[in-house]
C-alpha cells in the first residue's frame, strides 16, 4: 500500500488517487452495503436481496397474499417501530378514539401513495380504524421501511412497496393498488401526484367513483392546479400542502431537523466552516438554512422570488446565483420543487468531493440523467451514497441519486409528521362526507377551522394552555370566541 507523502507543495494534496488502487476497495464496500436495510434500522437479511419481491410467494399469518413487500417475516420488527411512532402521534390516536364509534370513513376505499414509514403506518391504521379499506404504494423508491411495510401487510393492509424498487417496480406497485378486480377506490391520498397521474393516464373511468383527492406535496399540488386550469380535473381535490399545519410545520421544522440527520448518516460531514448553497428559500429552504447556520456553516441561498430572497437577506444569508459560488461550495442542497436546478454544467464546475443532495419532493431538481454517461465512473460507497468520478479523478458525492434526502437516507421527526397526518385524515373525512355540491371539480384549501383543530390536538403534548377571549375582546376583534382566528388567505 502507498505511504502518504506529506508535501510542502499544496499541489500534491489536490491530486486525486489513481483509479486502480481504489476500484477493488470500493467494490468490496459496495457489495456489503447493498440497499438491504430500511432507513430506520437494518433488520433485513441481505441474502434475500437477490430475489425481487415480485417473484416471491408470500402470505401473512391469516393466509392472505394480497400484498408485495420485501419480507413478511419482518412484521414483528415493524410492529415495534409503529408502536414507537404511536407514542409521539397522540393526536392521531385521540382522533381514533374520538371517531371510533361513528366510523366517519365507513365505506371509504382509499388508494394511497405516500412514503411508507412507521409514521405513515400510524396514519394508514387510523384510516382503517375509522372504517376505511386501504390499498397502498410508495411515492419514493428509497423511503420505504421494509419491516413497516411487512407489519402493515401482516395487519391486512394491501401494501405494495419495498426499499430500492426499480422505476418499473414503482409503477407496477401503483398499478397493483388501482387495477384490482372487485375493488374500486373512491378516495385518493397522494404525495407527489404520481398516483393521480397514473389513474388519469391508465384508468380515467375510475374517477367516476372518486369523491376526492387529497395531495400533500408542492409538486403534486402544482400538478393539480395545472389540471384544474386546463379544465381536466374531474373531481374535487384538497391541497393539504398549503394548509398552515403542513406548510409551516412539516416543511419548516421537519426539514430543519432532518437535513442534518440525512447528511451526517451518509457522509459524516462536519458542518462548521463549510460553505453550503441552498437552492430555494421556501419553508423547506428556511428550515435547512436555519439548521446549517446553527452548526457554523457559511450558507448561500439562490432564489427566483424577490420576497423569499429578501427574507433570506434579512435572516443573514447571501443571495447569489448558483454559477457564482459553484466552484467554492462544499455542499449543494436543492429545495425548489422545480427541475434542472443543478445542471451538468454546474456539476462539471464543482470542486472535488462536493456533496450534492435534494430536499424537494421530486427527483428532477438535480440533472442526474446527464451523469449517466460513459466518461463518468459511478461507485457505490454506502447505501444511498454514490461517488461520481470525472476523467481527471474529481469526484462528486451524490446522495440518494438525487431523490428526497431525509426520507431516503435517514428518518424524520415523528411529532411533526403527526401534524401533517392528522391534517390528511381530516381532509379525507371532510371530502368523503361532504354533501353533494359542496365541493366542485376544483382544488381547495382545508378550512382554517380544521387547521386550528389539528393544532389544538397537539397542544396537550406540551402542556400548553390557550387563553380565551372575553366577549368584549371577541367583539372588538370581530372574531368568534372559538375561532377561526386566521383569515382564509393566511
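Any Cβ shown, glycine's included, is placed from N, Cα and C.
Because TrEMBL annotations are produced automatically, they should be read as predictions rather than curated entries.
Fair warning: this is a prediction, and the values are worked out from it, not measured in the lab.
Annotated substrate binding site per TrEMBL: 117, 191, 216, 246, 250, in sequence order. The NAD(+) binding site annotation in TrEMBL covers 282, 283, 284, 285, 286, 287, 303, 406. Taken from TrEMBL, the feature compositional bias 'Low complexity' applies to 26-45. The feature domain 'S-adenosyl-L-homocysteine hydrolase NAD binding' is assigned by TrEMBL to 251-412. As annotated by TrEMBL, region 'Disordered' applies to 1-65.
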In sequence order, the binding-site residues (282, 285, 286, 303, 406) whose C-alpha falls within 10 A of residue 250 (substrate binding site): none
Winner by Cβ contact number (other Cβ atoms within 10 Å) across the binding-site residues 246, 286: 246
Site extent for substrate, whole Å (max Cα pair distance, 117, 191, 216, 246, 250): 18
Site diameter for NAD(+), Å, by largest Cα distance between 282, 283, 284, 285, 286, 287, 303, 406: 22
Binding-site residues compared (282, 285) - the one with the fewest other Cβ atoms within 10 Å: 282
Fewest Cβ neighbours within 10 Å, where candidates are the binding-site residues 191, 303: 303
Neighbourhood of residue 406 (NAD(+) binding site) by C-beta distance under 8 A, where only residues 6 or more apart in the same chain count: 254, 255, 258, 259, 261, 262, 359, 412
Count of other CB atoms lying within 10 Å of the CB belonging to residue 287 (NAD(+) binding site): 23
Cβ-based isolation winner (fewest other Cβ atoms within 10 Å) among the binding-site residues 216, 283: 283
Integer Cα-Cα distance in angstrom, residue 216 (substrate binding site) to residue 286 (NAD(+) binding site): 19
Rounded mean pLDDT for the residues that make up the domain 'S-adenosyl-L-homocysteine hydrolase NAD binding' (251-412): 95
Local Cβ density at residue 117 (substrate binding site) - other Cβ atoms counted within 10 Å: 26
